[in-house]
């Protein structure tokens, strides 16, 4: 019986990881940055040219390219997200294995639960974007580096695989560089533990060459041919008005969770002799992102990962404190507090990402006494968002003619879902000689945060015009289409 009870936390980790990453992943329409991750070259554009003109590493595009053989039109959101979800699940597994080698099973279990249940990592697992592969390759790199320092049979293979996988993590995104402090620590430990210095240096040079070569194959031509738009994008991210990372974190992990993180993280510092390498890992992305980048956005995940390990040490320190103060009752108090932390974290992630009766953060969400307030800031990914765009596409295609449209949603979304024979009025002024009709597509709670079309609120359109098509979620209209002839549209624009 005791063995079964001891396995409950690990079983909980497995079940929670699969549940939060797989349930309802096909519910949402593509979100802005998901569409940007699809391999969609222009006519006649080579793969290499396409990859070099993107703002990010090639891995996510290669994944979606491979998926195009199964789903050429990318019209199955579930299928396209599945590789990224699977990568996220494997990342949790190898994170657990890595931390177990370095710090033992208890710290591995605690920290893996924190990562698995954290809203940031749940969100990344549910979208078509690079983060899940950055995390997977980074964790795999650390895992093999760790093996190379602990087990003689892995001493050489682990070093080479670690370097190769670290290179792949950076090819997925520059964020992969942020594991550098722990990599250097492990490589230094590997070197110190080696017996033959000549052979050691030779293997270190060869492995480093593999790492640099894997990066050079892509990044040298990338930086030599970097576009002005990419430069402007980077400058904008660095110089942009400061956005609170605390608020970003709380969007994905609401209410009191941040205070639990703060307390446990601070308590983890009491064991700094044991986790100093983790502290250095944590500080590198923290300082880099919070001092050099105006808007770190969800890239804060790069320091949340090591922070989860620090929290695990904090939780262990908390257990020790309870044992000293409440020896007889400490076990029951610990079980209650730990269960409260991990169950509430799971509940919040389920409510925010799985349940879609109310779509937080686009609208307020209530659950008994809990109130999750809508958010309008940037860096919103992975949350439920279904506006029937694939049905809007079919409806417009049924018109069997050219035309115009205007909407309050992001252009990146409409570029994907709206048929190519319809022009966006915000980009192409209306031509009175055109025979096509004009469609106004009003989205309730859009990702853009824009509630107006032509500076007119939703009520303006509802009170004056009859929709030709509406789409609803759980009895609430979320998408409304109005149709106008050329003469009718001229009256609309003149305010008649």
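Yeah, the Cβs are placed from backbone N, Cα and C, and that goes for glycine too.
Residues or ranges marked as domain 'Glycosyltransferase RgtA/B/C/D-like' in TrEMBL: 75-214. Annotation source TrEMBL lists transmembrane segment at 78-95, 107-124, 130-147, 177-192, 204-224, 249-270, 277-294, 300-320, 332-353.
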Contact set of the transmembrane segment (204-224) with the rest of its chain, CB cutoff 8 A exclusive, min separation 6+ beyond the ends, reads 48, 51-52, 57-58, 159-160, 162-164, 166-168, 170-171, 187, 191
For the transmembrane segment (130-147), out of 78-95, 107-124, 177-192, 249-270, 332-353, most C-beta pairs under 8 A are with 78-95
Across 78-95, 177-192, 249-270, 277-294, 332-353, the most C-beta pairs under 8 Å with the transmembrane segment (107-124) come from 332-353
The correct DSSP tally for the domain 'Glycosyltransferase RgtA/B/C/D-like' (75-214) reads 126 helix, 0 strand, 14 coil
